[in-house]
C-alpha cells in the first residue's frame, strides 16, 4: 500500500473545516440513540444477571453497535469520553444535544465543580454541558482562524460567572491557533510558515501539559477549586492572547479579493474540457502561471499567500510595537528566531555557494531562469548580470525603487509587499550585499572554479536574525565573495591588459596599425558597404596587427572587422531622439526627430565602406560581464568618430599633396577664351551633393565678379586669388579636423583613461568596477560631443563639407590646368568661383553655429569643452584676418 500524501491546497483558506449543521445533527442523534439503547440493555442485564456494572461506558464498550464505535483514545475522539452521562442529564433537544439541568437550585460549590469539569474541556476547545458555543457561531460561515466563542449557562451564580468568563478566551485562543496551525502547515505556505507552526505547536504542548496536570489535580485533589485553576492558568491567558493576535494578523493579511479570486478559479467552476485542451496545447494553467511569473507578468498581491519575508516582517513589527511587554517580547523573539531559521539557512546557502535554494519563493532574491550567460554575446543591455538575479522588491543599488514590471503591488491591508518581496526590516540595510555576494559566487561557480572558503565553515552554527554574529557572517561572506571575483577578473583573467588593448585599438592610442590599414584597404573602403569584402578587410587588419612587434599588442586575435548598418551620425541622432546615451532630453528630442525625418530621404543611398567600418572585440565569460556588448557599443561609437576624423584628415592631406604639383605653383601666362559651350566641372563628383547654407537663396548676388577681364594681366590676379582661397579653405578645414582630433585624444580620452586607471587601482567591489568602467565611457561620449543633438547637427554639417571639399581635388586640378594653359572659358571660370564660394559659405556658417554651441555648452553644463573653445577660436581669428 502506497503511503498517503496529503493533497496540496491551491486555493485560498477554506472556512468550513468543521462539520455542517446537518451532519452534526445526524451524528448527535445517533449518539443519543446509542445511549438510550445502552441504558435499556443495562437494566435488562441487571435484572437477569443480578449484577450491577461499574459504568455505562463499560457496557457501551461491550455493546456491538455498527453505527458507533467506542474509541477510547482521547486524542483520536475527545468527545467520546462525554457520551456516557447520568440519566438525569439525558434528554433530546431539537438539535440532538442533551439538555442540561438548571443551576438555580444547585449549591454554589456543586456549581463550581460542574463548571470546573466543563472548563477542562472548554480550554481544549470542546463544548461542555453548561458552557456552550455562542449562538451566533456557525462552522459553515465563521472563519476557524478567529476561534470558537463560548457562552456560560445564564443560571450560573454571578460570583462564579465572573471568574469563568475570564477563562473562556483561552478556548477561543486555543481553537483559533489550532486552526491556524492546521491551515498553514500545507506545502504552499513555505518553510517559514512551517517553522512558525512548529514553534507555536511546541508552545501549545506546554499548554496541553498544563491542562493535563490540572485535570489530574481535579480528579485527585478535593482542594482543587476554580480559584486555583485561575491561579495556574492566568499567565497562560496573556501568552496565548499574544500568539492568537499574531495568528489573526497573519491569517487576515491577505487581500479580501483573494477569496473571491480563489472561488472563481476553483476546479469545480472551471470547464474540464477546456482545461484538458489547454494542457494539450501546452498552455495549461500551471505552465502559464510559471511562464508569467518568470517574465514578471500577472503579479497581483491577491494570489500570493502570506509567507517568507512577509511573515518575519509582521512578527518583527509586532515585537517592536509591544517591546514594553516582557512576555510579548520574549514570545515574539522566540517565534522570530524559530520562524527565521529556514530563511537564514537559505541566505547562508546563497551567500556561501551562490546557489539559490528557494522552492517556495520566500527569499528576497529572485532568479530569472530563462536568462543564461549565452545572452551576453548578443545582448546590448547586460540582462544576465542585471536581471538574472534581482531583488523581489525591485530596488537597485542606484536607489531606484519605483514600480516595475514583475514587482507585485503592496497589500491593501498593512501595506507590505506580498510573500518574498517583503524584506524583513532587520535585513533591509543588507539586501544589496546579500544579492551581490551570491551573484559574485554564482559567476565564479559558472566558470567551473571551486569556491574556497577563507572563513570558518558556519554550517554547525545556528544564527538568528536578531543575533549580531549573523550580520558579521554576512559581512565576511560579502567580502570574501567580492575579493574572490575581483581576484578572478583582475589577476586570472587579465582585465587591466584587456582594457589597455581596447584603448589601443578603439581609441587609436599609438595607432600605426590604422594608418597602415587605411593605406592597404583604400580600394576596398571606396566600395559600398554591401560590395566590400569583410574577409579581405579582416585579413588586412590581421596583417597590419601582426607586422607590429610590440609588447602592448596582446589580444589582437580578439579584434574583428565589422560593418555597421547605418551612418554614425544618423545612428547617434536616432539614439539621442529616444533619450539614450545620457543625452539632454529637454529640447533636443525635437531636433533629433527633425533630423531623422530629413535623413529618411537619404537612407536609400548606399553607404561607403569607409563610413560604416568598425571594430569588434570578443571576450569570454566572465570578462564579458565587464567588457559586455553594452560597453563595446560605446567603444565602437568613439572609434567610428575618430576613424571618420582620420579619413577626412587623410583626404585633405592627399588634396594638399596634389596641390603641390605644377598646376598649383605655376603662374598664368594666357588669356581666357571669350566663350565655350562646355563646363570645366564635368568631372565634378556627383555622389556627394554640394552643401548649401540656409541663408542662400536664388535672389542672392552672384558669387563671382560681374565682369571678367580679357587680358592676361588682369586674369592672373583673379586666378591667383582663387588659388589662394582654395589653399586657405583647405588649411582651415585641415586645422579644424586636427583640432577636433587633438582635443578628443589629448583633452578627453587620455585624461579620463588615467582617471580610470587610478580608480581601478582602488576598486573594492565588482559593481564599483562595472560602474567606473561605464561612467568612463559615458564621460568620453559626452565630452566628445556625441550626446548632444545640436552639437552633432552642426558638427556633422562641417564634416560633410570638409569631406566633400576633399573630393573636389581632381576637378579643381583640372580647372587649374585649363586656366594655366589658357583653354578655360568664362563659364568654367564662373563655375570655379561658384563652387569655391559655396564651400566657403557653408564652412563659415556651420563653423560659426558649431562654435556658438560649443561656447554655450562649455559655459552651462560641460566645462570640459573650454579647451576646444580656445582651439577653435584660433581658426575663427584666422578666417576673419583673411
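Each position is counted from 1, following the chain as shown.
Glycine is treated like the rest: Cβ placed from N, Cα and C.
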Out of 582-605, 606-629, 630-653, 726-749, which range is noted as region 'Disordered' by TrEMBL? 582-605
Matching range for TrEMBL feature annotation, region 'Disordered', among 207-230, 231-254, 255-278, 279-302: 255-278
Name the residue range among 671-715, 761-805, 806-850 that TrEMBL annotates as region 'Disordered'. 671-715
If you average the pLDDT over the domain 'Gamma tubulin complex component protein N-terminal' (116-491), what number do you get? 82
